[in-house]
Amino acid sequence: MAATGNRNAKCPAPFFAASNFPPRGGEIGSRFCLPVARDESCCLPCPMTDWVFSDNFQRLLPTANYVGIASLVCNVLLLLTYLVLPEEKSHRHYLSIGLTVSLILLSIAFVIPLGTKPDMCFDTLTPDNMYTDTGCAWTGALLLAGAMGAIVWILFRSIWTALRIMFDFRRTEIFQWVSIALGVGIPGLFLAIEMGTIGVSYKLGNICLPSGPEAFVAWYVWLVVFAGLSAIILIATIVFCLWKFAISALAGVGVSTHKSNASANSAALTEPEPGQPPSKRAMKRQK
């Protein structure tokens, strides 16, 4: 069938004619195709990464899954210390707990493919999506929740640090409940939007990512926006600290110079002029 399709559509190897694989399931929009005629396209076989990237990429791709195992173990141990050890020993904080839970979800998304070993393709041209592969649905949902959650909690950590250092903010309980509500609500909102309206599919590797042109605006842009805000706030806080340190250092030099001049002037005033008897203050100092 592949050879016939290639000959009829004049698709050079390794491309296949899309007309020979009508839409029956999977993520049709994630096919890697190029139109060659008004009603025909030539498509690369699935998975696309076998043809677009080098062989070295395919060998290194499982590394991310094994890194996910190490990340999962470390974050679970960290979360256990928050639960078991007293606060003065573990230094637990709701901002740290939220970030740790998000990283655990993200790590699980990378670990799942090691057990499921997904085929990733519905047919010769079409990648699987969350409707045709259960593992895709789970990895996509965990990736969406974990990645967005981690970025949001880092943003709140940056805001908290700036408020405490720059404005001496003391209404900690209000900030805590607002952070918890938004730290859970924002990732949950994006998860519902992505999974309910856009969906996920195998696009790069064995973990499902948001698919379709809407995914760029609905998810990727927001990740960059939240991460950019975190960086800007953190840089502003660092600049504020350096500015305060510079002012303090310059003020310290000025005070030290003023004290030195005052001491010298005081000593000069207590010294008698030639031919004059020493003052009572000078005599007391000599004693």
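Here the Cβ of each residue, glycine as well, is placed from N, Cα and C on the backbone.
TrEMBL annotations: computationally assigned, not manually curated.
Quick look at what TrEMBL lists:
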type	residues	note
DOMAIN	57-240	domain 'G-protein coupled receptors family 2 profile 2'
REGION	263-287	region 'Disordered'
TRANSMEM	66-85	transmembrane segment
TRANSMEM	97-116	transmembrane segment
TRANSMEM	136-156	transmembrane segment
TRANSMEM	177-199	transmembrane segment
TRANSMEM	219-243	transmembrane segment
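For the domain 'G-protein coupled receptors family 2 profile 2' (57-240), the model's pLDDT averages out at 93.
Counted as Cβ pairs under 8 Å, contacts with the transmembrane segment (136-156) are highest for 97-116 among 66-85, 97-116, 219-243. Residues 62, 64-69, 71-72, 75-76, 78-79, 82, 135, 138-140, 142-143, 145-150, 152-154, 156-157, 179-180, 183-184, 187, 206-207 of the same chain lie 6+ residues outside the transmembrane segment (97-116) yet bring a C-beta within less than 8 angstroms of a C-beta in it.
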